[in-house]
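Annotation source Swiss-Prot lists compositional bias 'Polar residues' at 35-46. Sequence annotations record features per position, and here Swiss-Prot assigns compositional bias 'Basic residues' to 92-112. Under the heading phosphoserine, Swiss-Prot lists Ser63, Ser132, Ser165, Ser167, Ser220, Ser260, Ser597, Ser871, Ser892, Ser893, Ser901, citing similarity to another entry as support. Residues or ranges marked as phosphothreonine in Swiss-Prot: Thr895. Per Swiss-Prot, the feature region 'Disordered' maps to 34-187, 205-297, 765-785, 889-911. Taken from Swiss-Prot, the feature repeat 'WD 3' covers 611-651. What Swiss-Prot records for 832-874 is repeat 'WD 4'.
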Amino acid sequence: MDTCGVGYVALGEAGPVGNMTVVDSPGQEVLNQLDVKTSSEMTSAEASIEMSLPTPLPGFEDSPDQRRLPPEQESLSRLEQQDLSSEMSKVSKPRASKPGRKRGGRTRKGPKRPQQPNPPSAPLVPGLLDQSNPLSTPMPKKRGRKSKAELLLLKLSKDLDRPESQSPKRPPEDFETPSGERPRRRAAQVALLYLQELAEELSTALPAPVSCPEGPKVSSPTKPKKIRQPAACPGGEEVDGAPRDEDFFLQVEAEDVEESEGPSESSSEPEPAVPRSTPRGSTSGKQKPHCRGMAPNGLPNHIMAPVWKCLHLTKDFREQKHSYWEFAEWIPLAWKWHLLSELEAAPYLPQEEKSPLFSVQREGLPEDGTLYRINRFSSITAHPERWDVSFFTGGPLWALDWCPVPEGAGASQYVALFSSPDMNETHPLSQLHSGPGLLQLWGLGTLQQESCPGNRAHFVYGIACDNGCIWDLKFCPSGAWELPGTPRKAPLLPRLGLLALACSDGKVLLFSLPHPEALLAQQPPDAVKPAIYKVQCVATLQVGSMQATDPSECGQCLSLAWMPTRPHQHLAAGYYNGMVVFWNLPTNSPLQRIRLSDGSLKLYPFQCFLAHDQAVRTLQWCKANSHFLASAGSDRKIKFWDLRRPYEPINSIKRFLSTELAWLLPYNGVTVAQDNCYASYGLCGIHYIDAGYLGFKAYFTAPRKGTVWSLSGSDWLGTIAAGDISGELIAAILPDMALNPINVKRPVERRFPIYKADLIPYQDSPEGPDHSSASSGVPNPPKARTYTETVNHHYLLFQDTDLGSFHDLLRREPMLRMQEGEGHSQLCLDRLQLEAIHKVRFSPNLDSYGWLVSGGQSGLVRIHFVRGLASPLGHRMQLESRAHFNAMFQPSSPTRRPGFSPTSHRLLPTP
């Protein structure tokens, strides 16, 4: 930097150092300025001033070229220089400020500071300022009006600095000072440039807006576009001609239709127009469409919109991720199914031969007061108007699942379940338990949306097991079902599905279930009914390895989860000690697969890790991506795992004791059912918890007073159903969880009751039950701790909701009863909860996607159809799927030929 620049900075832009300003006395400032700015042709007065200046230090002398002024400054008039010299004599001594003079406000009061002697002057060159002593300057900045000499010096400095004021890096138009306004600050101009550059980048990244096909060509891109005018010119005057006005009006019309899809492409606008409704991180400025009005079922359209969306998403997902045939080696063999005699089957049958008394009240229908008592493995006919079905399993229900059926098959629906043999039996979880049990398969017939089921629910066959209690059971999601009439060479049987059982002895059993028609055709005509079989499983899954196998180390197996996407080769299980274990079912590794002498397989896990400090109560696989898994344990934690990095969970949440999870297909989170023992007051119930990717807070789906034992979600409907200890089964339609649920209004409109079970006392004579307490809805039964005491003095009252329509839902009696129970219900926990609901499952099949099965402590299983959520869109999908299924699967010949391939007749080339 030359001395000219240093002299100008010292005078015009003195920088603050500490609390003082670094300037010399006015006379010294003028001398330094003149020393730097004078030319080679000086007057005598200027020469005398030059001689009074101190000698510069070595190395800082000015060369003649540096001391020469620019040509435009050499034309300075002599008159100004003489006036400058005359004024120098007047300001050679500092002028003291007047004591009563005010400067912008009140005068400061206090002791005066002693004046320090002026230090010897030194040339203002870089590096000579005393940085260690910032208070070494002798004189503060002079107050008061500036003298004529100072004004002349300021004018001279501005003229000298004008050629260097413009920076080549900034456009000249950015720093123009508007007339009558203050100059724009540097920060504001930089921010404006940044916004303009950001608008240009967004405009290039966004697709071009769709223009009107019949409109003229867009104007030249060199002309800046006008985004939107506040008002048209009065009288419609034309300024730039008709063609330009025509382009302008077409542009405004397109923007009105598309709601400002992106920012303006022009960078010459002072402020880029960005819509305020555009969310952060989104690439489109389109607003969320508003669904106003009411749907035909009586619910608002904004509540039904996620349901219609889930239908499309689930249909597309199953077409891409499901298969028609998997595990071809596990075909049922007739010789492995041994039919038990009545004496042999007796230890495996439930002890209760008759159900407790129960009555059903249906909303909108007259009460008949009929009490029902049905036999074991029997059912009652479906109601002709409400289509609900009930049957008795013989014991408390602890495990339940639907058999998956391909879309469009139109076949009968089946459910597999396990009931405890004894109504009063308890199962300790801390130790392994084995004993007789019965796995039941029930046929429900063809469940449709157009008509009432014509057939009763019937017991198909049972499988006798010696592995104790079955805590969980899961069917293979797809690829395990084939047509009932599939011709098989004996002893092969057409397969209904692959079923995995989580047993209390620590083992996981895998069964290949045949179609009932083919299996029952193998038994003799005088066979005992019901049919109970002793079956050899196709595979036994154990923890450990071939060298070290100790099932007691992990404890009981409490939960199962089958990989939801094809080829469904992985099966996960949760154990009592907090371990999560994974098996590769089609593995050929000799370290993981052993063939036993009876022909069955024994499989060992390929991966396991400690997920929780206590028992793993439930597992849920992410349907959209099989790399992710959610688990909930007795340590009150919910964890999300990436199976590629199982050493640490993605997210861990400790809130309450969770009983079951439901992970719906379209959403990035799980719906959680909880035990009320650790729940805060008013927060017990059902919550939706985000996995952590979107960062949403927990959404309170529905409040519950008692423990929610079971939870199930329907991917087709975007709806969850929950059954609790108080005997109430409710359903809740989830909002679109891809958006933040914090803005969801009136969640009470999204949930509705399906039925409510109450334990009602009655008189000694069954013909005269006390219906007064049932009608009041406030039962007050005596405390009975055993099943026998309870059924001798009570009966169950099921109060069903009309699910065909939801018109005026908030004012209907079942809805008011549900809301009253959410706030003022009283639980009696020191008696047998005979009305409690233990398991709830939505049908995963498209042909029966609106049907729901539930059961609990009483052993009664009930089936309901949520007819109000069925839509014409779902019916159209069913018809399309049936046509597609019939085109893919040709009807097979009834005759069996030797050597016929078991699978070649089933699959056709994919179109």
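The backbone N, Cα and C atoms fix where each Cβ goes, and this holds for glycine too.
Listed in sequence order, the residues of the same chain lying 6 or more apart from Ser871 (phosphoserine) and placing their CB within less than 8 Å of its CB are Met304, Val307, Trp308, Leu311. Taking the Cβ of Ser597 (phosphoserine) as centre and 10 Å as the limit, one finds 5 other Cβ atoms among all the protein chains shown. Per-residue pLDDT, averaged along the repeat 'WD 3' (611-651), amounts to 94 for this model. For the repeat 'WD 3' (611-651), the number of residues in each DSSP class (helix H, G, I; strand E, B; coil) is 0 helix, 19 strand, 22 coil.
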